[in-house]
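A.B. asks: If you scroll down you'll find the structure; I have some questions about it.
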Amino acid sequence: MSVTAWTLSHNDRDLLINGAFEAKTGSYSPYSKFPVGAALLASDGTLIKGANIENASYGGTICAERTAIVKAVSEGKRGFVGLAVVTDVPAAISPCGLCRQVIREFCALDMPVLLVPGDYPKPDDGSEKKPGVTEGGVKETTLGELLPDSFGPEHLELPRK
Ligand SMILES: [Zn+2]
């Protein structure tokens, strides 16, 4: 795994983590009973929160990460500096593939992504020694690490024969 070029301040890190927990309280997940919260920090300093919103059709369900992205973009935000995601599981849970692609549309590949365990902050039990695992048991990664060799908007600008 590559070394993450860390760009979030401690303040922004706390803002994102707390925001993800707050966002999770808005989850509508009567079917999976798997609440998820996501917080997205825009480059103008705005924090946008999203939760997973399920649907009786199941297919109409939208994840927390996409809720946050869609809320932000529809309000005119285009630049983002970080994303945090939390569930009730006491481990770092990653965004699904569909969300990774949607995040890819609007966020830089080196944008930090914080995968927050539901029991954050975990006590220091030595797990911070694991790659990418940092203070409180948060796994710090990037969009590029979550979605390597990805397809994005710039590919549609390439010359074609
Ligand atoms: Zn998802």
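Heads up, the Cβ atoms here are built off N, Cα and C, so glycines get one too.
Unlike curated records, TrEMBL annotations are generated automatically.
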A.B. asks: Which one of CYS63, CYS107 goes with CYS96, CYS99 at the Zn(2+) site, as TrEMBL has it?
C.D. replies: CYS63
A.B. asks: So which one is it: of the binding-site residues ALA56, CYS63, which has the fewest other Cβ atoms within 10 Å?
C.D. replies: ALA56
A.B. asks: Please indicate, using numbers and ranges, the residues of the same chain that are 6 or more beyond the compositional bias 'Basic and acidic residues' (152-161) and have a C-beta under 8 Å from a C-beta there.
C.D. replies: 104-105
A.B. asks: Which one, from the binding-site residues ASN52, ASN55, SER57, has the smallest tally of other C-beta atoms lying within 10 Å of its C-beta?
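C.D. replies: Sparsest of the binding-site residues ASN52, ASN55, SER57 by Cβ contacts within 10 Å: SER57.
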A.B. asks: If you measure from the CA of ILE53 (substrate binding site) out to 10 Å, which binding-site residues from the list CYS63, CYS96, CYS99 are inside that radius?
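C.D. replies: For ILE53 (substrate binding site), the binding-site residues whose Cα atoms are within 10 Å come to CYS63.
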